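See below for the structure under consideration.
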Amino acid sequence: MTNFTSAVVKLESQQGSTEPAARAGWNSKVEYFLAQVGFSVGLGNVWRFPYLCHQNGGGAFLLLYVLLMLVVGIPLFFLELAAGQAIRQGSIGVWRYISPRLAGIGYSSCVVCFFVALYYNVILAWSLFYLGNSFQYPLPWEQCPKQGNLTVKECEKSSPTSYFWYRKALDVTDSIDETGSFNTYIVCCLLAAWTIVCLGMFKGIKSSVKVMYFSSIFPYVVLFCFLIRGLMLDGALEGISYMFYPKLEIWADIQVWRQAATQVFFALGLGFGSIIAYSSYNPKNNNCHRDAFTVSAINFLTSVLATLVVFAVLGFRAKGKVVECVVRYLSDHLHSGDVDTILIPHFNFSDPGSVSVEDYTVWFKQHGHDVPGNLTECDLEKEMQKGVEGTGLAFIAFTEAMSLLPGSPFWSALFFLMLLNLGLSTMFGTMEGILAPLTDRFKTLAKNKTKLTIFSCIIGFLIGLLFTQRCGNYFVMMFDDYSATLPLIIVVVFETFSVSWLYGADRFLDDIEGMLGWRPHVIYKYLWKYICLLAMLGLLAATTIRMFITRPTYMAWNQDKASEEYLKYPGWALAVMALLIIFAMMPVPVALIHAVLQDRTKLTSRDTEIGRYSIVNTDDKCETPMTDMSDLDQRIWKNLFHLNFKHIQRIIPSF
């Protein structure tokens, strides 16, 4: 090896030694897929999507959802995947790389992730509480408790599952103004939930992915088990038919478009920074374009699978309630003997249990209003609409349906174990959206990532105690509705604008071509620059207008009435909502102002240096730091030239 080559190798090795260690990566493509799918497929797929689909036109909503997924969701998902993979940094590093003035976007994502982690882990605590109570027979929510020889009035007026949820699990107050004491059981479950998250995140993706092998796959096993069992239940087909019956007129309702776009937005996990963080651990040549379509398709199919399961089981529950309704009213009214013979139905009402719901519905529409007394239609669809969203679906409606199944403790334990695993996978992604950007940005935190993880979990638990008060459920609703929605939409608007307009869509496509070896279709340029950006601005406007026009409300439990009711948030709660939104978005203008001031400071110092050195007489042989560096550079290049010239002299004679 020549002296010149030895010098170059030595120089390169010295430079390489000063660079940071190589970024951690996935051991296999399977691990990456489990992480991305586990994060994007969460509790919303099970208890939010089915409700929206049923309330907004069934099959028509599905078509609208797929349209928005293709036009807006997948392009934005692809954008975040490509940005993370190309720059190989968390959300803060990615947007700081594009422009230091945009670093606030990444910090806002971290703040929103922290807000979501606070209340999301409380839902895991609830799941742990129900899981622990599932290992007994009969289940504690199957029957109303008794005080002496009398049934508890609150339970008698409502239902065993509603009573157990609101009184036993939450011991909820009548409004958000009444704080109440801490719920000891939920506090212990919250501590257990944060401990599980901490242990799973202890060594970053290397430890969390091991948990994901179970937490990402197990929910699908449970969903298929519930689907097979659900399809065998009486009323399952009625539930599914009501679910997918298309109502195309809903396409004219702007609120349906808003709800579909919001669901696409949250289903894929856009704006959290977790997609960027997970993608940053990929090799440069990974086909992130294919990943965007694959993960989105799995997410959508999971939502459809969960919808089939939910409405098969809810159809069974609703059919049972409607049959009870038919039996009760036929027994009370038609056996009294006061009914005109013309109004008597053709079916055998002497055995009300054998009467089909369809026959009763047809007869009721013809003669029901002429029968004396308060006769009820006993409508199946109205029954299915009761308590089928969010916690009402998981902890009341679905729980009640499972209590009717043979071997109910087994199905209950299976269901809440599924909820726990769905939530854990999402929590790992949410925490990665906080930890990865901070450790990428600050070297001190990177050296102490384990301590940062433990510290974050401790802080999360301490602040999360707010949600374990008797009024904690109302704060969960507040955070779920207002701490993330508006800030995340604004974050994605900034992301889309910064990539497509500031950095340049063509330039970004060039970077992707350099990674993949082929250039994505030019349609992405126009989708990012116009369609996605305008869609997100429209969603932002619709969400903001709705917040200002309609005073925010929450669903409270009235103990005296033993029923749910909507109450308006008090003034102080509205102030808290505003502070949550402002605090989440504050990093964007703060980082912009900081970068502008920093640029001006550098410019001022540079002008001062130019002024200082401009008065120096260059004819003099005085030495300055600048001339020292110049002389040093000249000596280095002169030596390198001599080394290279001698090398050429040795090579030429050989020819």
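Backbone N, Cα and C define each Cβ position, glycine as well.
TrEMBL: automatically predicted annotations, no manual curation.
Feature list (source: TrEMBL):
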- GLY38, VAL41, ASN45, ASN299, LEU422: Na(+) binding site (BINDING)
- 32-50: transmembrane segment (TRANSMEM)
- 62-83: transmembrane segment (TRANSMEM)
- 104-131: transmembrane segment (TRANSMEM)
- 182-205: transmembrane segment (TRANSMEM)
- 217-240: transmembrane segment (TRANSMEM)
- 260-281: transmembrane segment (TRANSMEM)
- 293-314: transmembrane segment (TRANSMEM)
- 410-431: transmembrane segment (TRANSMEM)
- 452-470: transmembrane segment (TRANSMEM)
- 482-505: transmembrane segment (TRANSMEM)
- 526-549: transmembrane segment (TRANSMEM)
- 569-597: transmembrane segment (TRANSMEM)
* Asked: Are there residues at least 6 beyond the ends of the transmembrane segment (452-470) whose Cβ is under 8 Å from a Cβ of it, and what are they?
  -> 114, 117-119, 121-122, 125, 170-173, 178-183, 186-187, 190-191, 194-195, 197-198, 201-202, 204, 431, 434-435, 438-439, 445, 476
* Cβ within 8 Å of the mean position of the Cβ atoms of GLY38, VAL41, ASN45, ASN299, LEU422: remaining residues of the chain near Na(+) -> VAL37, PHE39, SER40, GLY42, SER216, PRO219, THR302, SER425, THR426
* Restricting to the same chain and to residues at least six past its boundaries, which positions have a Cβ under 8 Å from a Cβ of the transmembrane segment (293-314)? -> 33, 36-37, 40-41, 45-47, 49-50, 53-54, 62, 65-66, 69, 73-74, 77, 220, 223-224, 226-227, 230-231, 233, 236, 239-240, 242-243, 267-268, 384, 388, 393, 397-398, 401-402
* Hey, which of 260-281, 410-431, 526-549, 569-597 has the most Cβ-Cβ pairs under 8 Å against the transmembrane segment (182-205)? -> 410-431
* Which number gives the other C-beta atoms within 10 angstroms of the C-beta of GLY38 (Na(+) binding site), all protein chains shown included? -> 27
* Please work out whether the transmembrane segment (32-50) lies in contact with the transmembrane segment (410-431), by counting C-beta pairs under 8 angstroms that are 6 or more apart in sequence and asking whether there are at least 3. => yes
* When only pairs 6 or more apart in sequence are counted, do the transmembrane segment (482-505) and the transmembrane segment (526-549) reach 3 or more Cβ pairs under 8 Å? -> yes
* Report the listed stretch (62-83, 260-281, 410-431, 569-597) having the maximum count of Cβ pairs within less than 8 Å of the transmembrane segment (104-131). => 410-431
* **Those binding-site residues listed as ASN45, ASN299, and which of them has the most Cβ atoms within 10 Å of its own Cβ** => ASN45
* Structure fact -> The number of other Cβ atoms within 10 Å of the Cβ of LEU422 (Na(+) binding site), counted over all protein chains shown, is 29
